[in-house]
Amino acid sequence: MNQIRVRRPSLAKQALSGHGAIGLLASAALYIVALSGMIVVVAERWQRWEQPNVAEYETLSPAAVQNAMVQALALEKGKPRTTHLYLRMPDADLPRAVVTTDHSAWYVDAAGRPTVREANGWSEFLLALHINLTLPVQWGMLLVGALGAVLAAVSVTGVLALPKIFKDAFRLRMRGDPQIARADWHNRLGTLTLPFALMIALTGAAIGLSSAGIALLAQTDKGGDREAVSASIFGNEPAHDPAPAPLANAGRAVVSVQARFAQARPVYVIVHDPATRGQFVQVLAEHPRRLIYGESYGFSGAGDYLGKVGLSDGATGRQAAASTYGLHFGNYAGLPMQLAYAAMGLALCVLTATGTTLWLNKRRRKGLPTARLAAAWNLVVWGTPLALVLAAWERWLLGPDAPLTALFWLTLAAGLGAAIARPSLMDGPLMRIVLACALAATALLHLAIFRAGQWPVSALDGCLLLGAFALWLPGRCGRAGAGRPSAVRTGEPAAG
Amino acid sequence: MTGFTAIGWIMAGLSVAVIRAGWGGRRSVALAGWALGAVALVVLARGGGAWGMATGLTIGMIAALGFVLHAAWRSPASAPNAVRQAAALATPLDWGDVARRLAVFVLVVPVAFCSAQWLAFAVQALVRGGSDLDADSLALALFLQPVIWTALMCWQMTLPGPVRMVLPPLSAALLGAFLWGIS
């Protein structure tokens, strides 16, 4: 009797299967995090776009810093005592200072006088979507951190699955068979942005999952005190003394940083427990040509220098931890680096979108029921950016306090319901054109209504118009080509 | 210093162009491109440390993206393949398959996460010996966890079934216990 020997699948085949399984597990969430991440690379510029026509300036004097703090505290009368006062210094990304308490935030003018309430609900919503998927912060960050590890695993298994992936690294057959084009986009972008994907994924995972490691070490080493564990890297605050005292001299602290550390540029001035005897001033200052997000300089309430944490020149672990944020958010080399991050973030979105679409088409070819899944995926790919645009409109129509998070998820949930009930509604190419129209209308209306004088704000409108054109273009090319298969109507970004 | 970094950036961009020129052609040209890229990273590391290397790598990736977009733009049009579509199948729900997928999820996500956390914790305990928690050991634990978890997930996903997928987290947990024991 002949014995049938079952051969074990090769590593590449197993890796391909694993690549698909891990990718599918988290594809929708990964896509949303990648898309929002691509947008919030320039979060401060979107904040200006959301609230244009606020006075802008490049520098704020130490006297104005102090004045802003005093006036912000005066505005707090009748409210519970604020535990912190933050002043964000103006810079190239956001050339307006913002003073923030536990209860409100105000733009201040160059003299430090609060002028307009900071009303950036939409930009804040985008940040929350990227950082914690709008879930409660700790759990949301854990989930997004886990997605980072998943992305890293998908990237590695992708390379294992296609050993010849590097051989065709510079070949992309955009015209012709859509499935080949999709596979080429997926494989080429995956290869060329591999270092970026791994870096973004692992730094994101380290940031998001840090709370788990800190909780464990707090239990074993610090009697459950998580702040004491974090202080090992980020430094700690002096003991609280709630007795009343005049507000700290934050202006003097800024002068001191400028005098002692000529290269450092203050970006945040923070007064902990303001107007108490235990108050403490922290000046966070950027160091040029470094990956660290900054160095933290500490001052007493009188503005006397107490020392620094050592994020810039302390223990390797401190410098590495402080560099994680800069590396992840891409804010360490100005606008060109941010644009490069946005471009590679877009590549990550295309990678996620094409990956799942390839799997869906494979499933369809096997004769498995796919219509509802494909419609739901079309909703994720095209409906998510559309819901983000709708959220911007809702913010302007309902005001900065509009419940954008609820409206966004409700929009997606309603779309998902429609996709399941009537899959034909979620036609990919049609949704792509709708998104293009929405982007163009938003940019044109924004230009018409706000007539923003600041070119970086108008430049974002230009980017939206460019995005609309890029979305409209494949449809035109497709119309020019004859005999294009109509069964595949997924139309993921720029798939030609 | 700035001039040094600028030279590194130019070399990083050029190295990708040279690699592209040698891709699919003369192997020596591609190797020269890789060598130029390595030299660019050394120059950038000397001029700007980790910051310099990060900027150089980004320039290299953007240059590579530019080349691939150019290839896409110039790709010749071809007739699309006929759509192969099998007749739709109505597949009954296979509870065994559902259970298998659930087991894979449990092993790859929470189980692998916990064993990675344990191994990272044990490594930091070993590295710091009996001394107090400091920035280096904390940072090590925080960075190692996602790296180990990623490695475990990759290992698990190249194994054929849930039973075999137990091995990677089990190995990590046992290694963690050993390191914890000798720390």
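Glycine is no exception: its Cβ is also placed from the backbone N, Cα and C atoms.
Annotation source TrEMBL lists transmembrane segment at A:21-43 (among others). For the transmembrane segment (A:21-43), same-chain residues at least 6 beyond its ends with a Cβ under 8 Å from one of its own Cβ atoms are 93, 123, 126-127, 129-130, 133, 143-144, 147, 150-151, 153-154, 157, 200, 329-330, 335, 338, 341-342, 345-346, 348-349, 352-353, 355-356, 359, 377, 380-381, 384-385, 388, 460.
Under the heading transmembrane segment, TrEMBL lists A:139-166 (among others).
Counting only same-chain residues 6+ beyond the ends of the transmembrane segment (A:196-218), those with a CB under 8 A from a CB of the stretch are 37, 138, 141-149, 151-152, 155-156, 190, 224-226, 228-230, 324-325, 327-328, 344, 347-348, 351. If you look up TrEMBL, you'll see A:196-218 (among others) marked as transmembrane segment.
Sequence annotations record features per position, and here TrEMBL assigns transmembrane segment to A:339-361 (among others).
Residues 27-28, 31-32, 35-36, 39, 50, 122, 125-126, 353, 356-357, 360, 363-364, 404, 407-408, 411-412, 415-416, 418-420, 422-428, 431-432, 434-435, 438-439, 442, 490-493 of the same chain, all 6+ positions outside the transmembrane segment (A:373-392), place their C-beta atoms under 8 angstroms from a C-beta of that stretch. For A:373-392 (among others), the entry in TrEMBL reads transmembrane segment.
Taken from TrEMBL, the feature transmembrane segment applies to A:404-421 (among others). Only residues 6 or more beyond the boundaries of the transmembrane segment (A:404-421), in the same chain, are considered here, and those with a CB under 8 A from a CB of the stretch are 121-122, 125, 128-129, 134, 372, 375-376, 378-380, 383-384, 387-388, 390-391, 394-395.
Tertiary proximity for the transmembrane segment (A:433-449) is limited to same-chain residues at least six positions away from its ends with a CB under 8 Å from its CB atoms, namely 49, 382, 385-386, 389-390, 392-393, 458, 461-462, 464-465, 467-469, 471-472, 475. According to TrEMBL, the transmembrane segment annotation covers A:433-449 (among others).
The transmembrane segment annotation in TrEMBL covers A:455-474 (among others).
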